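Peer 1: Mind looking over this structure? Questions follow.
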Amino acid sequence: MASCRAWNLRVLVAVVCGLLTGIILGLGIWRIVIRIQRGKSTSSSSTPTEFCRNGGTWENGRCICTEEWKGLRCTIANFCENSTYMGFTFARIPVGRYGPSLQTCGKDTPNAGNPMAVRLCSLSLYGEIELQKVTIGNCNENLETLEKQVKDVTAPLNNISSEVQILTSDANKLTAENITSATRVVGQIFNTSRNASPEAKKVAIVTVSQLLDASEDAFQRVAATANDDALTTLIEQMETYSLSLGNQSVVEPNIAIQSANFSSENAVGPSNVRFSVQKGASSSLVSSSTFIHTNVDGLNPDAQTELQVLLNMTKNYTKTCGFVVYQNDKLFQSKTFTAKSDFSQKIISSKTDENEQDQSASVDMVFSPKYNQKEFQLYSYACVYWNLSAKDWDTYGCQKDKGTDGFLRCRCNHTTNFAVLMTFKKDYQYPKSLDILSNVGCALSVTGLALTVIFQIVTRKVRKTSVTWVLVNLCISMLIFNLLFVFGIENSNKNLQTSDGDINNIDFDNNDIPRTDTINIPNPMCTAIAALLHYFLLVTFTWNALSAAQLYYLLIRTMKPLPRHFILFISLIGWGVPAIVVAITVGVIYSQNGNNPQWELDYRQEKICWLAIPEPNGVIKSPLLWSFIVPVTIILISNVVMFITISIKVLWKNNQNLTSTKKVSSMKKIVSTLSVAVVFGITWILAYLMLVNDDSIRIVFSYIFCLFNTTQGLQIFILYTVRTKVFQSEASKVLMLLSSIGRRKSLPSVTRPRLRVKMYNFLRSLPTLHERFRLLETSPSTEEITLSESDNAKESI
């Protein structure tokens with residue numbers, strides 16, 4: 001009956017331990033996926049997050065508001081509320097935007113799914129927000145049909161321009177085909193030979209602004225599939241249109257156009273025109289953010305200047321000049337430069353009506369780089385212009401100019417569409433060096449593992465070869481991993497950081513076009529260390545699993561001897577399988593990203609030399625998930641199952657023939673259980689508990705995890721080396737030798753008596769009494785005698 005109760009208790013303990021382990025691992029995996037999907041947490045700003053309201057963000061010392069809000073803290077409304085007019089319902093519309101109606105064309109119409117009408121939200125002359133009249137579209141027309149109509153010379157361009165503007169009002173729905181058709185239609189409206197009305201052209205400007213809200217992928221497909229020069233034609237037509245506004249301007253959220261005319265008076269000598277774009281509370285362009293000044297001496301940027309262009313020209317040949325500012329570079333699809341960051345790259349165009357007799361106009365520019373300084377550091381830039389024939393950026397005639405005011409300066413000896421292609425380094429927050437706890441723990445582990453390996457090899461003849469072999473390989477892999485972790489986990493690029501906004505380190509003589517807007521300084525050594533850490537940690541877990549499998553066969557299956565070639569088989573698994581996993585991981589990543597010079601960052605992190613943390617949408621492709629977390633989780637689950645099985649069936653199994661006390665027996669069971677848990681790597685389950693959201697709880701589990709796992713080598717040394725009789729015997733000899741040497745030096749003239757020690761052990765029928773006696777005699781020999789009540793005294797060594 002008692003044995004049944006004990007068995008039921010052991011089964012209950014096993015079930016509870018298994019459930020707890022499963023819950024911890026399951027919650028840990030779930031938290032990993034959730035944290036990866038949420039993305040990496042951004043560094044906290046010194047300004048409270050509550051300062052900028054209504055979705056505003058704190059950047060470069062001020063609040064950057066969304067289109068719907070403005071003001072110092074983004075608390076002033078900049079939108080028209082929901083409205084209903086002529087049976088059409090409109091949602092909230094930002095100022096300066098056309099809002100589409102919620103009513104859409106029917107499924108049986110050519111324009112199915114598109115809004116039936118649009119409505120403008122604008123500012124009055126007195127600064128009041130007001131809604132304009134509703135413009136109703138034609139559901140029987142779409143962009144493809146309008147593209148065919150605009151080719152007809154007699155087509156009503158006003159109606160076509162209005163229809164295109166309505167059809168492009170919802171930029172989220174625009175496809176590459178829609179953009180191509182709309183671009184061709186707008187290009188015809190701006191064509192001077194079509195003599196479109198000024199109203200039609202102004203509406204076409206609204207269409208271009210709406211097109212620039214479409215996705216970058218859609219524009220890339222346009223550039224890749226368009227058979228004609230639709231984008232190039234539109235760019236040329238916009239330049240020409242900028243000369244026709246007199247001294248007026250047209251400003252939309254994504255594009256601003258301004259002209260300047262010169263009188264015939266004083267038409268001798270040079271003339272300079274300065275065009276400025278000021279920083280705003282949002283990323284959209286507004287009419288109050290652009291200025292033009294004629295007959296100026298030079299550039300004059302201030303703290304609010306985002307970009308400024310100085311056009312140097314000969315007045316007697318020039319009567320008109322025009323400027324165009326694009327909010328982003330989506331119309332300029334480059335084959336050599338790829339933008340990966342999410343900040344907008346403004347493009348500025350300048351054009352004059354110079355005739356062929358004088359092409360002496362030149363351009364000076366200053367740009368204030370607008371980017372997230374918490375995430376990026378300016379690395380370099382290139383002064384470029386858009387080559388219309390090559391359909392790409394070019395540097396001919398452009399050069400960098402040095403400045404001490406924090407602006408990026410360029411100079412070109414011709415006029416066209418200009419840009420500054422900036423490259424950035426990510427401002428990585430490199431972690432501090434390992435703390436004292438990690439250093440001390442790793443040092444103790446390295447020492448313990450080295451001593452364990454030496455001891456196991458030296459005393460291998462008195463041990464079972466298979467057990468010694470598994471333990472030695474486990475210790476070697478852990479030893480190498482700890483050494484690599486201590487001396488190689490930090491990225492040496494940490495020492496190459498420069499201060500934010502420091503343009504003095506830029507090479508002004510180099511004006512080459514970069515391949516991308518973000519750059520990472522390559523560090524092959526860090527990549528190699530990350531691969532080695534990846535490999536040796538997988539090797540460690542593999543030998544943990546092999547240790548569990550070996551003990552299972554020895555203790556549960558009682559296979560003595562082990563299968564033939566067992567050592568060779570487990571050696572190939574322990575060292576070969578992790579090598580295959582690492583090789584496949586690196587090979588796949590390199591094959592997919594080998595053309596990218598920064599391919600190594602798809603494998604490792606930049607902050608530390610370890611596997612890369614995936615982007616929010618890259619969980620499935622993550623090397624950390626498939627080549628580390630998944631195999632380690634499988635190993636831990638199997639090791640926990642074997643650990644519970646061995647603990648219940650072997651370590652904590654009741655033995656009726658025990659002769660020691662219950663206290664000693666329980667202590668031995670606890671030590672044996674800890675010994676098995678250490679070589680099985682059970683303490684790594686604590687890593688899953690570090691994924692909780694509560695900072696205080698996470699810190700506690702982090703310290704516990706660090707304490708148990710950095711000292712794992714020391715634990716193995718204590719449990720598998722210090723506790724052995726061979727080590728204790730050899731250690732006692734060494735201590736006795738050192739003690740005797742010390743005594744001889746301290747008391748050289750004292751004659752010590754010769755002692756003979758006899759030890760008697762009395763074992764009664766109840767094993768709770770254990771007594772020892774010592775007798776002092778003149779003989780140097782020592783003997784131990786064990787006595788019991790039922791037997792005569794027996795002498796033993």
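Please read every residue number as a count from 1 along the shown chain.
Glycine is treated like the rest: Cβ placed from N, Cα and C.
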Peer 1: Swiss-Prot tags one of 418-438, 439-459 as transmembrane segment - which one?
Peer 2: 439-459
Peer 1: Which of the listed residues, ASN261, ASN709, has Swiss-Prot annotated as N-linked glycosylation site?
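Peer 2: Record says ASN261.
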Peer 1: Does the record from Swiss-Prot show LEU551 and LYS649 on the same side of the membrane?
Peer 2: yes
Peer 1: Going by Swiss-Prot, point out which residue in ASN195, ASN413 is annotated as N-linked glycosylation site.
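Peer 2: Record annotation (Swiss-Prot, N-linked glycosylation site): ASN413.
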Peer 1: Looking at 199-244, 383-428, 613-658, 659-704, I want to know which stretch Swiss-Prot calls region 'GPS'.
Peer 2: 383-428
Peer 1: Starting from CYS412 (disulfide bond), work out which of the recorded positions listed here (ASN82, ASN178, ASN191, ASN261, CYS383) have their Cα within 10 Å, and give them in sequence order.
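Peer 2: Checking each Cα against CYS412 (disulfide bond), the hits are CYS383.
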Peer 1: Within the same chain, where does the transmembrane segment (699-719) have neighbours whose Cβ lies under 8 angstroms from its own Cβ atoms, ignoring anything closer than 6 residues to its ends? I mean 6 or more beyond.
Peer 2: 437-438, 441-442, 444-449, 451-452, 471, 474-475, 478-479, 482, 671, 674-675, 678-679, 681, 683-684, 686-687, 689-690, 692
Peer 1: So if I exclude everything within five residues of the ends of the transmembrane segment (439-459), which remaining residues of that chain have a CB under 8 angstroms from its CBs? That is, six or more out.
Peer 2: 468, 471-472, 475-476, 478-479, 482-483, 485-486, 706-707, 710-718, 720-721, 724, 726-727
Peer 1: If you skip the near sequence neighbours and keep only those at least six away, which residues in the chain come within under 8 angstroms of ASN247 (N-linked glycosylation site), Cβ to Cβ?
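Peer 2: When sequence neighbours closer than 6 are ignored, ASN247 (N-linked glycosylation site) has SER259, ALA260, ASN261 within Cβ distance under 8 Å.
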Peer 1: Counting only CB pairs under 8 A, let me know which of 469-489, 529-549, 670-690 has the most with the transmembrane segment (624-644).
Peer 2: 529-549
Peer 1: Please identify which of ASN159, ASN178, ASN191, ASN261, ASN312 has the densest Cβ environment, defined as other Cβ atoms within 10 Å, among these glycosylation sites.
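Peer 2: When each Cβ's neighbours within 10 Å are tallied, ASN178 tops the list.
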Peer 1: Do me a favour and check the Cα-Cα span between CYS383 (disulfide bond) and CYS398 (disulfide bond); whole Å is fine.
Peer 2: 6
Peer 1: If you draw a 10 Å sphere around the Cβ of ASN413 (N-linked glycosylation site), how many other Cβ atoms fall inside it, taking every protein chain shown into account?
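Peer 2: Its Cβ has 14 other Cβ atoms within 10 Å.
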